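What follows is a short report on a single structure.
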Amino acid sequence: MSPRVGVFVCYCGANINGVVDCEAVRDFAEKLDGVVVAKTYPFMCADPGQNLIKEAIKEYNLDRVVVAACTPKIHEPTFRNCIKEAGLSPYYLEFVNIREHCSFVHMNDREKATKKAMELVAGAVERAKRLEDVPQKIVEVDKSCLIIGGGIAGIQAALDLGDQGYKVYLVEKEPSIGGRMAQLAKTFPTDDCALUILAPKMVSVANHPNVELITYAEVKNVEGFIGNFEVTIEKKPRYVDENICTGCGACAAVCPIEVPNEFDLGLGTRKAIYVPFAQAVPLVYTIDMDHCIRCGLCEKACGPGAIRYDQKPEEIKLKVGTIICAVGYDEFDATLKEEYGYGVYDNVITTLELERMINPAGPTGGHEIRPSDGKHPHRVVFIQCVGSRDAKVGKHYCSRICCMFALKNAQLIKQHDPSTEVYICYMDIRSFGKGYEEYYRRAQEQFGVKFIRGRPACIMEDPETKNLIVRVEDTLLGEIVEIEADLVVLSAGLSPRPDNPKLAKMLGLELSPDGFFKELHPKLAPVNTKVDGIAIAGVAQGPKDIPDTVAQAKGAASAVSIPMAQGQFRIEMIRAVVDEDVCGGCQVCAKMCPYNAITYVEKDGHLVAQVNDVACKGCGSCAGACPSGAMQLRYYRDEQIISFIDGVLEAHQKLES
């Protein structure tokens, strides 16, 4: 018996009907083979539109439904639920996007948009006739979560999940949690001491009964699927026993070796045995074997006997139900902007370096100085958008926090010494957050910070005084301005971590063109990813400030808690399937599979492919490569795809004749 198809065309207000003649599309659809009813409605996704579809299914005994509307990314689940409530399999729906594919791209050609919509509907009807029900598989979800990254995003997510009773493994590659926020002096717009508000959370997460900290460690491999991720972690040797070290510092006091301190961005020094900063969590010392001379003084000074020169890397294997990626960011490499002389001129520094200077616990005791001579600068110039909004260095995006960083540090400099002249050379001041515009006005009106709209072309150094000549066109005044500065601060942008591609491949995630992790939907699913059970948070997803980072971390914790709370997850089995009678065992499909989901068994004297339908993600690579057609992707079988193409071409011929 031939399937009975119903076609439902949505106006989407004027988004579709303003360009596409929806009534003509309906009239065309009514005449297609197998179509027993076709209807239009202004908003098919609204309750009246949904009821229209349900009533038509019952009245006309429909067993296939075609909806011509907007993007399936947003509304396909809505219509699947609709036909399911009417008694049909949710997989007997074929969704046609006539908004993005017709009205939006042909908005100046009503006839062309309408014809294209007709052709797409014709193809959809042919495919709908061949749709199949898709089975579902229920997997148990382990009530535990791996969080990659121990910055404020990872800490907040860990606390939220731990408070709900879930086991959390918080992995941080540095010796201490805290991330970038731990390096800051104060936070805008409230000027809170950064560590004063961060440290209590660091201590809370370390002492939480449901949170296990795994610091100085990196994720090396991730396999499996939602509910059952198998994770391999390599914990680097500290050469200090974490369970014995008391953090007293006696070892560092006798260590004769001093090297640049990475936490202070090289502005200060640390010993070969060290903690990154005084409030580090865990407060456990680490020996830097690249610089340790094995003199043994630390071992002699250590009362508890915690030094372990023979410590080896440790492999940790975990099974978790969900994962949150919160790996943070790196500061843009300002040496790539050669015209600004960073790394060449001593008195050109970055915002983060200034943060460490201004921090009372930093290398200069909270005093901004000129690196060339240690003197206090009396004229400071900030240059904005260094590594942001700059196609020349491949950074098209705005880093979002640099303007506020500069405003904060400019005010702090003026607070330390009101006589200091501070200039900010900017393209646009983007003070978008709550209280940010008022903060901007305060810098202008209360502190007298001077703003020059323009991007400096270059910086030159006076070789004798080490002063810097900043030449910039003030686009508001229409004139060239030269400033002789004691110190230049580059507002370096936020760059994705260089190992993001490696981690993305490991997790099965995508990266945006800018190198940050890609969300499932930028507006409706900003913390979810294409892999069920894996969420993203903080600057791993894209540049953002601390409030947005914390909010997104809480959102990610909420997202992964849902399947853990339910204890199980339904997987729709749109997976590869094998026709064993046709399979020749050539093994081409296994070579194409990125998930190692295909194995082979011997049957009737030759090899036959087998698919692990849980490991398989339904990408279709194997089906596309199979020379015999034995490997098919359920719901996207060859005949289903070809029938759609045939339907489009036949309709095109009919409309053109």
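Just so you know, glycine gets a Cβ as well, placed from its N, Cα and C.
Copied over from Swiss-Prot, here are the features:
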type    : residues                       : note
BINDING : 149-172                        : FAD binding site
DOMAIN  : 235-266                        : domain '4Fe-4S ferredoxin-type 1'
BINDING : Cys245, Cys248, Cys251, Cys302 : [4Fe-4S] cluster 1 binding site
BINDING : Cys255, Cys292, Cys295, Cys298 : [4Fe-4S] cluster 2 binding site
DOMAIN  : 283-312                        : domain '4Fe-4S ferredoxin-type 2'
DOMAIN  : 574-603                        : domain '4Fe-4S ferredoxin-type 3'
BINDING : Cys583, Cys586, Cys589, Cys626 : [4Fe-4S] cluster 3 binding site
BINDING : Cys593, Cys616, Cys619, Cys622 : [4Fe-4S] cluster 4 binding site
DOMAIN  : 607-636                        : domain '4Fe-4S ferredoxin-type 4'
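Overlay of Swiss-Prot annotations on the structure.
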| residue | record | DSSP (3 states) |
| --- | --- | --- |
| Gly149 | FAD binding site | coil |
| Leu161 | FAD binding site | helix |
| Lys167 | FAD binding site | strand |
| Cys248 | [4Fe-4S] cluster 1 binding site | coil |
| Cys583 | [4Fe-4S] cluster 3 binding site | coil |
| Cys589 | [4Fe-4S] cluster 3 binding site | helix |
| Cys616 | [4Fe-4S] cluster 4 binding site | coil |
| Cys626 | [4Fe-4S] cluster 3 binding site | coil |
Spatial neighbours of Cys298 ([4Fe-4S] cluster 2 binding site) among the binding-site residues Ile155, Gln164, Cys251, Cys619, defined as Cα within 10 A: which are they?
Cys251
Pairwise Cα distance for Ile155 (FAD binding site)/Cys622 ([4Fe-4S] cluster 4 binding site) [Å, integer]:
40
Around Cys622 ([4Fe-4S] cluster 4 binding site), which of the listed binding-site residues (Ile152, Cys248, Cys251, Cys586, Cys589) come within 10 Å, judging by Cα atoms?
Cys589
Residue list, the domain '4Fe-4S ferredoxin-type 1' (235-266) vs rest of chain: Cβ under 8 Å, 6 or more residues beyond ends.
175, 183, 214, 216-218, 272-277, 282-289, 291-293, 295, 297-309, 311-316, 350, 352-353, 356, 362-363
Cβ under 8 Å to the domain '4Fe-4S ferredoxin-type 3' (574-603), counting only same-chain residues 6 or more beyond its ends: which ones?
134, 508, 609-613, 615-636
In sequence order, what residues of the same chain, 6+ apart, have a Cβ less than 8 Å from the Cβ of Ile152 (FAD binding site)?
Gly178, Gly179, Met181, Leu198, Lys201, Gly538, Ile546, Thr549, Val550, Ala553
Express the distance between the Cα positions of Cys248 ([4Fe-4S] cluster 1 binding site) and Gln164 (FAD binding site) as a whole number of Å.
34
Looking only at the domain '4Fe-4S ferredoxin-type 2' (283-312), what are its DSSP counts of helix, strand and coil residues?
5 helix, 3 strand, 22 coil
Taking Cα atoms as reference points, which of the binding-site residues Gln164, Cys251, Cys616 is nearest to Cys586 ([4Fe-4S] cluster 3 binding site)?
Cys616
According to DSSP, collapsed to three classes, what secondary structure does Ile155 (FAD binding site) have?
helix
Extra residues within 8 Å (Cβ to Cβ centroid of Cys593, Cys616, Cys619, Cys622), [4Fe-4S] cluster 4:
Ala576, Cys589, Met592, Pro594, Tyr595, Ala597, Ile598, Val611, Lys617, Gly618, Gly620, Ser621, Ala623
Using the Cβ center of Cys583, Cys586, Cys589, Cys626 as the [4Fe-4S] cluster 3 site position, which other residues in that chain lie within 8 Å, going by their Cβ?
Val578, Gly584, Gly585, Gln587, Val588, Ala609, Cys622, Ala625, Pro627, Ser628, Ala630, Met631
